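Quick notes on the structure that follows.
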Amino acid sequence: MPKLNDRQQAAVEHVSGPLLVLAGAGSGKTRVITEKIGYLIEHAGVEPRHIAAVTFTNKAAREMRERVGKRVRRDAVGQMTISTFHRLGLDLLREEHDAIGLRANVSILDAEDTSALIRDLGVTEPDRIKIALRWISDQKQLLLSPADTAAAAESEADATLARLYEQYEAHLAAYNAVDFDDLIVKPTRLLQDDESVRNRWQRRIRYLLVDEYQDTNPVQYAMMRALVGVRARFTVVGDDDQSIYRFRGARPENLADLKVDYPELQVIKLEQNYRSTSRILRSANSVIERNTRLYEKTLWSALGEGTKVRVLNVPDDTVEAERVVSRMQTHRIRSNDNWSDYAILYRSNHQARLIEQALRAQGIAYKMTGGRSFFDRAEVKDLVAYLRLLANPDDDRAFLRIINVPRRELGPATLQRLGNYAQERGCALLQAAQEASALGLISGRQGAELARFCNWHERQSRTTAHMRPDHILAEIIAELAYRDWLAATTPDKVRADRKLKLVDELMDWTRRLAEDERSLDDVVNHFSLVDMLEKQDDGEGKDEVQLATLHASKGLEFPNVFIVGMVDGILPHENTEDVDEERRLFYVGITRAQATLTLTVPQQIKRGGELVDVPPSRFLQELPEADVDWPDAAADAAEQQAQRQKQIEALRARFGARSAQNAESD
């Protein structure tokens with residue numbers, strides 16, 4: 001492995017106080033974190049059990065754990081905390097649930113659950129549900145309670161949202177449930193308010209490392225501050241030039257706050273890039289230097305000059321997609337690269353449609369980030385909901401999901417009566433069902449089905465404490481005859497087989513967790529976290545062109561990158577109020593490229609079925625003249641002619657094959 005450069009080595013060896021590592025794109029930050037963990041254990045005398053390394057996605061945490069596992073002794077990795085912020089918060093919440101005011105069997109509600117909860121509170125329009133949940137999330141990330149928001153309300157609309165927030169929190173408490181934000185908010189409030197808990201966790205975590213620090217929100221920074229205390233033994237690694245998640249609550253100003261809150265903070269800049277050629281980096285530097293920046297830095301590379309950045313003018317977005325695919329095909333033949341060496345990046349998801357069509361027309365395999373999650377599949381959600389209700393009988397969302405799976409003929413009217421009774425009694429739906437069944441409040445076939453379900457839950461609950469989670473799941477599947485029900489309700493055999501395979505995958509996953517001595521609560525919470533944190537993670541290793549939004553491309557790298565839609569209104573986006581963040585987004589896209597970078601500029605794009613003229617992106621003017629291959633009208637015309645000729649030949653070949661088939665059939 002190559003030796004660390006001087007700045008990387010300095011970042012590894014600084015352990016006496018707070019440190020900010022400003023890690024430019026491709027500067028080897030993950031290696032610095034890995035080496036620093038090794039240094040802490042081997043030279044600074046920090047025991048592995050007292051080290052915590054925190055990042056934002058399960059994928060990043062998994063990769064960090066794998067790298068650390070190759071760097072330190074085998075037993076050390078298992079003692080350390082290497083996780084996401086939310087996983088760390090969940091560990092704290094489960095250990096300190098009494099102090100937080102929760103019972104041990106807490107449920108984590110996903111996006112579908114929280115949307116349903118807001119709907120139950122009287123907000124029925126999908127857009128208003130999204131707005132309400134976004135607003136509540138924003139308040140939580142600022143550590144504002146319902147009472148705080150009510151006191152600060154300046155209009156009736158604000159007051160209405162504050163009341164909704166209060167009702168939302170009351171229902172979560174009644175369900176013994178938390179939402180995604182609560183996994184950090186509740187532990188942070190506890191750490192701030194309870195000195196004994198704070199001291200206990202500060203003794204446990206004696207050195208903290210935070211990756212992608214520029215993406216932290218206010219409550220994550222508050223959690224970090226509470227954990228490190230006055231000792232302030234921490235390293236945060238980040239890059240203000242790659243702060244692109246403000247819409248998710250990220251607050252790049254946290255970088256500036258570090259210097260205020262920790263005056264002794266040391267700052268080390270990593271500016272040598274190990275990914276891209278010099279021309280690509282000069283282009284990136286030229287763009288980002290237009291922004292107002294907290295810390296100036298200039299990326300450089302020892303990988304050679306490389307080819308110029310190519311700007312390609314095209315008539316419209318349909319031709320753009322076809323031209324990008326044609327360019328890829330030509331380049332691949334010359335370079336002998338794999339399809340997986342190519343990425344097509346775009347500002348918004350809707351831009352992918354034409355690109356997909358062009359790739360499919362040429363029979364080229366591709367992969368899109370943000371595909372449908374394993375846990376979004378109905379059959380997986382059904383079975384996980386059964387586990388959730390066994391882990392937490394107060395989980396009304398799980399009850400409503402499974403009460404008619406398989407079908408029990410309990411219609412909306414019956415469930416409405418049950419809901420009204422639960423509200424009057426102030427109890428969970430399962431308890432209401434047990435009481436209503438015992439008292440005969442719901443009679444006939446519906447009453448019998450309800451009683452059967454309640455009896456099943458009571459019987460299963462008695463044995464659950466003594467069973468492995470995978471055995472519990474196997475019993476549920478068998479008792480419900482769930483596989484038979486899936487097959488019977490899915491006439492298409494291919495789809496039915498696909499669903500049954502998903503059930504097998506869930507069974508295998510649960511078995512692996514059970515072999516690690518995970519409890520039912522552990523398994524349910526693990527599934528909830530994986531679902532919420534890994535929706536963007538796709539399978540790896542296939543020879544496919546990568547399609548991704550610029551946001552989703554962060555952290556990735558490819559030999560050959562195309563950024564499409566380089567027009568004002570798309571990049572920068574027409575609705576943006578922060579052009580600096582849009583410029584950072586472009587910078588992220590540029591720095592994904594290792595060897596070649598092509599920017600495409602359609603003169604027209606389709607809107608509402610009509611082609612409309614669009615101006616080139618203002619960011620193109622910020623590229624360095626000497627490092628960019630600007631459009632050549634004659635060359636573009638020749639390429640268009642070649643593309644037309646290629647299409648004509650393809651049509652001739654197709655019709656020729658059809659004529660031959662017809663001749664044979666005659």
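Using the three backbone atoms N, Cα and C, a Cβ is placed for every residue, glycine included.
Those TrEMBL annotations? Automatic predictions, nothing curated.
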Request  = For the ATP site that TrEMBL lists with Ala23, Gly24, Ala25, Gly26, Ser27, Gly28, Lys29, Thr30, give the additional residue from the candidates Arg246, Arg248, Arg251, Arg275.
outcome  = Arg275
Query = How far apart, in Å, are the two Cα atoms that lie farthest from each other among Ala23, Gly24, Ala25, Gly26, Ser27, Gly28, Lys29, Thr30, Arg275, the residues recorded as binding ATP?
reply = 13
Under 8 Å by Cβ from Lys29 (ATP binding site), counting only residues of that chain that are 6 or more apart = Val21, Ala23, Asp211, Val237, Leu270
Request  = Give the sequence-ordered list of residues that share a chain with Ser27 (ATP binding site), lie 6 or more positions from it, and have CB atoms under 8 Å from its CB.
outcome  = Leu270, Glu271, Gln272, Asn273, Tyr274, Leu299
Ask   = Any idea which of the binding-site residues Ala23, Ala25 has the thinnest Cβ neighbourhood at 10 Å?
value = Ala25
For Arg275 (ATP binding site), nearby residues of its own chain (Cβ under 8 Å, 6 or more apart in sequence) = Ala25, Gly26, Ser301, Leu303, Glu557, Thr591, Gln594
Ask   = If you take the centroid of the Cβ atoms of Ala23, Gly24, Ala25, Gly26, Ser27, Gly28, Lys29, Thr30, Arg275, the listed ATP site, which other residues of that chain have their Cβ within 8 Å of it?
value = Asp239, Leu270, Asn273, Tyr274
